[in-house]
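Features as listed in TrEMBL:
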REPEAT    1-30  repeat 'WD'
REPEAT    74-108  repeat 'WD'
REPEAT    115-156  repeat 'WD'
REPEAT    207-245  repeat 'WD'
REPEAT    253-294  repeat 'WD'
């Protein structure tokens, strides 16, 4: 078996997207993104395309091409796009925006196929592993589950009134969901299947993870088992790694000089990539808590990172 290719990309307030060789730290491709800042990056499951969420559009770039032009632009949001992601087969994309909507896009067709109204600026959207529910968090503190089969909102939660939900993450097996807010708090729920297919939330834990904003929370991937971690990236310049069993602090990743905006696990959970306002991205060893590579090249805050070092799904 050949080793899967590693795709690592970052974006910055300097209006560029950079691709990096993960091991050497060399930047091998830079895409100019003059129209806006990039809020979020996501790689398609087949590693062919990189989605960049900007203001107010989403652009899709060909990873294996040297063309600076996007292959597709998705244009019906009217404000900052804060969340973007893909269904597991890469057939469709979802997005969330400060315009208050969550949208679904068929990658092979122009225009948006579905739209859900959250009535407040959407900061974060995740796809449940069952591929039939989207969970969104907004500036007013609402968490909503959008049932894609019934095409409606099936559940609403407000963990803290008027405290923005900044980031959501779901365990790979659908057992837990974590919401991180502007107060540095993480709310953890067990996800239970009700009599219907609807997901029910059972409160499990409240974690005061940081004394400042949490900008991103992320649960570890399937191939990290039996270890289960929660990473929280914060405005306090640190990333904390928590054991999901009991939510005890495993380690604190110290090295960034400014806010840490984003993080992503390697496919086996052995490494974590982070992006910070100090202009750098870093590669951390989860076993030692040390940063083993610094990606330097951006001139302003690095606000998002994307990594895909796993196998591509088998083509159907």
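Keep in mind that glycine also has a Cβ here, set from the backbone N, Cα and C atoms.
When the repeat 'WD' (207-245) is classified with DSSP, helix, strand and coil residues number 3 helix, 19 strand, 17 coil. Taking the repeat 'WD' (74-108) as a whole, pLDDT averages 96 in the prediction. Sequence-distant neighbours of the repeat 'WD' (207-245) (same chain, 6+ residues past either end, Cβ-Cβ under 8 Å): 166-173, 176, 178-182, 184-188, 251-254, 256-265, 267-270, 272, 274, 276, 284, 286, 289, 310.
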